[in-house]
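What TrEMBL lists as active site is Asp163. Residues or ranges marked as substrate binding site by TrEMBL: Met105, Cys106, His107, Met148, Glu149. Positions annotated as compositional bias 'Polar residues' by TrEMBL: 8-20. According to TrEMBL, the feature domain 'Molybdopterin cofactor biosynthesis C (MoaC)' maps to 45-185.
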Amino acid sequence: MGARPSLTFFSSGTYNPTDSRPQHTDSTDKMAEFTHFNESGRARMVDISAKDSTERLATAQAKVFLRPDTLEKIQRGKIAKGDVLSVAQVAGVMGAKKTPDLIPMCHPILLTSVDIAFKEEPHPDSQGRCSITITATAKTTGPTGVEMEAMTAASVSALTIYDMCKAVDREMSFSEVCLLTKSGGKSGTYIRKS
């Protein structure tokens, strides 16, 4: 049997996955700041069993940039794959529910609500692109937050819009994926500054 693979974190920011030698760095003290690492610097899922259950809410966004004619096709139902925003809405909900399968250290949690909303901007920007802003809100009552579920929902919705429209506009892009607000838990409320 070969050596077990391990991750070593270097204070210099370098990582060599083929180097199996033990690494000694001054980053051990810094690891105490991150709850997803144990004393030896290995990744772990945090134990949340002692945390209080509170109502938790998070809202995230993603923005899809596309050509004006692509947005018009979406609005008029002229995309061959179907109703783009309806499918993207369902995909976002499914993405939120699959977050712990995609993000390694996320706990599987009971989502009590996921809502996806779209805001279309039909006026082209300076680069000639229109946009669709996706807002995803996730809610639960439990010992850990739903920020990653909201961000995953927004991202999966954006990817779905791309997938459904790529035959007519391969230059689409999405960005500005971010957490807008969160509430609940020990850290309280967060509101993103504009």
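Yeah, the Cβs are placed from backbone N, Cα and C, and that goes for glycine too.
Across the domain 'Molybdopterin cofactor biosynthesis C (MoaC)' (45-185), DSSP classifies residues as 45 helix, 48 strand, 48 coil.
Per-residue pLDDT, averaged along the domain 'Molybdopterin cofactor biosynthesis C (MoaC)' (45-185), amounts to 97 for this model. What surrounds the substrate site, by Cβ distance within 8 Å of the Cβ centroid and not counting Met105, Cys106, His107, Met148, Glu149, is the set Thr99, Pro100, Ile103, Ile109, Thr144 from the same chain.
Shown are the recorded positions Glu149, Asp163; of these, the residue with the fewest other Cβ atoms within 10 Å is Asp163. Cβ-based neighbour count (10 Å, all protein chains) for Met105 (substrate binding site) stands at 13.
Of all residue pairs in the substrate-binding list (Met105, Cys106, His107, Met148, Glu149), the one with the greatest Cα separation is 12 Å apart. Distance from the CA of Asp163 (active site) to the CA of His107 (substrate binding site) is 28 Å. Fewest other C-beta atoms within 10 Å: among the binding-site residues Cys106, Met148, that description fits Cys106. For His107 (substrate binding site), the Cβ neighbour count at a 10 Å cut-off comes to 16, with all displayed protein chains included. Across the structure, Cys106 (substrate binding site) and Asp163 (active site) place their CA atoms 26 angstrom apart. Between the CA atoms of Met148 (substrate binding site) and the residue listed as 'active site' there is a gap of 22 Å. Geometry remark: Met105 (substrate binding site) versus Asp163 (active site), CA distance 27 Å.
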